[in-house]
Amino acid sequence: MFSVVNDKIPQIVFALSASLGAFVIGTVLGWSSPTMTMLENGTAVSFEVSSMAAATACSLFGVGAVIGAVPAGAVSSVFGRRVSLIVSEAHVVFGWLMIAFPKAARMLYVGRILQGVGCGAMCTIIPMYVGEIAEPEIRGFLGGLYQLFVVAGILYSYVLGNFLNYTQLNLACGVWMVIHILGLLYMPESPYFLIQENKKVSAEEALARLRDADHDCKAELVEIQKFVEEEQKNSYTAREVLEKDVNRRALTIGIGCMFFQQTTGINAIIFYMKHVFEISGSDISPELCTTIVGTIQVVMTFVSMMITDKFGRRSLMVYSMTSMGLCLLALSYYFFSKKYNPHVAQTLDWLPLVTIVLYISMFSIGCGPIPYIIIGEIFSSEVSHIIVVFKIILS
């Protein structure tokens, strides 16, 4: 095992450098939970921010994500994966600056939209790049690191938000995008993209940086050339793809998985987790609750990487979504009791934490990662990109 890893250290390093963008995405996603209260109670900025304005600022991330994700595939095909990632990260940089030092609520709005544009683009480009530079033996593992980095970034924002003030939290999150950009500047371009652009010499140089010294780069380049030519020969329009019944069924499965993933309410839970614990009235502090949930999410995401192939995609999806539904029913019962039967709610003050922990755990092992695995297995990269964009629109 260790000898295999040693032989693949260069591609692992560059895959980690690219996937650090997923950590940046996680910090942006987790930002809403600790800052909602800061914005509402007036400790974050020098101007007044209403509850509606704070909620609007948090939710506008989704608008930007759609704007960034839609053209990301086409942009990366023209300018390359590395340059596209740098441009995407630049949007996040400007977004953090506007959010960290706002002069009015509209700067919060624009900043969150810019963050969404950058993160939406990176959501599609990072998995593409990692899949193209990794050898088949470790491609699945490196691809799984994307989701792990996202939830680790969310936990990072949750934990630091417990003891840093608003400006300090923004700067602490912004540090990671600087590190990511430095890594991107050193990363080689994808050999697949360079072959598509008929830059064979550059492709060979890039592949040499991605493989160990004993690797037969020329033989792999021949395989990449064949793959690219085959893809170009078999490229079809959307109408031609959908004319086949089997493709329509596959597209329904892919879109259905993404639709139900988003309608579970996962983004509402992650964005407003601290607020949910605050209004629950539990004796357990909201800061401790969010830290516990974030930690469990990281652990269960790692567990999902170990069990996905063992238990099967469909079984994990069914088990995951059924369990999540029961958790939301239990949480709804608690808030119903809190409003109409407070005495019962007082005896159940532990229920919000337990249900959200179980909810996040079940999402992490099934409903979270499985849809991406399914669309990666049954679709080409172009169709997969369309479905991921559809998912971002839903979110």
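Cβ from N, Cα, C; glycine included.
Feature annotations, reproduced from TrEMBL:
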- 12-32: transmembrane segment (TRANSMEM)
- 14-395: domain 'Major facilitator superfamily (MFS) profile' (DOMAIN)
- 52-71: transmembrane segment (TRANSMEM)
- 107-129: transmembrane segment (TRANSMEM)
- 141-160: transmembrane segment (TRANSMEM)
- 166-187: transmembrane segment (TRANSMEM)
- 250-272: transmembrane segment (TRANSMEM)
- 316-336: transmembrane segment (TRANSMEM)
- 356-375: transmembrane segment (TRANSMEM)
Stretch of maximal Cβ-Cβ contact with the transmembrane segment (250-272) [cut-off: under 8 Å; candidates 12-32, 52-71, 107-129, 166-187, 356-375]: 356-375
Beyond the flanks of the transmembrane segment (107-129) by 6 or more, those residues with Cβ under 8 Å of it: 18-19, 21-22, 24-25, 28-29, 39, 45, 49, 53, 56-58, 60-69, 71-73, 75-76, 81-82, 84-85, 87-92, 94-99, 143, 146, 190, 372, 381, 385, 388-389, 392
Most Cβ pairs under 8 Å with the transmembrane segment (166-187), selected from 12-32, 52-71, 356-375: 12-32
Beyond the flanks of the transmembrane segment (52-71) by 6 or more, those residues with Cβ under 8 Å of it: 28-29, 32, 35-36, 39-40, 88, 91, 95, 105, 108-109, 111-124, 267, 271-272, 388-389, 392-393, 395
